C-alpha cells in the first residue's frame, strides 16, 4: 500500500522513453496566442490582465535593472501554475513533485541573482553576510551562518514546492481511498468524507497557485537584494 501511494510521483516512461519532457512542453500548447484583431475574446483578455497585474505587483519594488527579469519570472510563474493545476486532474503526472526538477529551476535562477549582485555591487552583496553593528567576537560566526543561509535558499525553494504538492496529493489520495472503503459500509460517513475531499481539493487548487506565486516572489526578493 505504501508503494502504491508513492507510485503517482514516479516519472512516467513508455517504451523506455521518459515522458517528462512531454509533460513539461504540453502546458505551452494550452494557452491561446494573441491575435491581430482589435478585440480579443474573454480568455485572451483575462490572460493579458492577469499577466499584467502579476508583473506590476511583483516588479513594483524593483528598480529598472530588475525589470529585465519580468519576462522570465512571469513566464516561470505561469508555467508553474499550469503544471501544478494540470497535476490535479485524474490520470496525470505532476512534474513539480520531482525535487530534481524544482532544484533545476531554483539553483540556476538563484545563482544568477548572486552573480548579478557580485558583478554590479560586490560591496553591498558581501555586506549582507555581516549585519551592521555586529560585535567583533561574533563576526566569524555570523559570516558562516549568513553564508550557509545564502546557500540554503535554492534548496528551500525546491523543497518547499515539492513538499507542499506531494503532501496535498497524498492527502487527496488517502481521503479518496477512505471514501471508497466507507461507501458500502457507512454511506453517511462516506458522504461526509466526500465533502471533506471536495474541500481538500479546493484547498489544493489554492495551494497549487500560491506555491507557484511564492516561488517566483522569493526569486524576485533575492533579485531585489542584488540589483
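Numbers run from 1 along the shown chain.
Backbone N, Cα and C define each Cβ position, glycine as well.
Note that TrEMBL annotation is computational and uncurated.
Per TrEMBL, the stretch carrying the note transmembrane segment among 101-118, 119-136 is 101-118. In summary, the transmembrane segment (69-89) does not lie against the transmembrane segment (171-199): fewer than three C-beta pairs, each 6 or more positions apart in sequence, are under 8 Å. Per-stretch counts of Cβ pairs under 8 Å to the transmembrane segment (205-223) identify 101-118 as the leading one among 12-31, 101-118, 138-159, 171-199.
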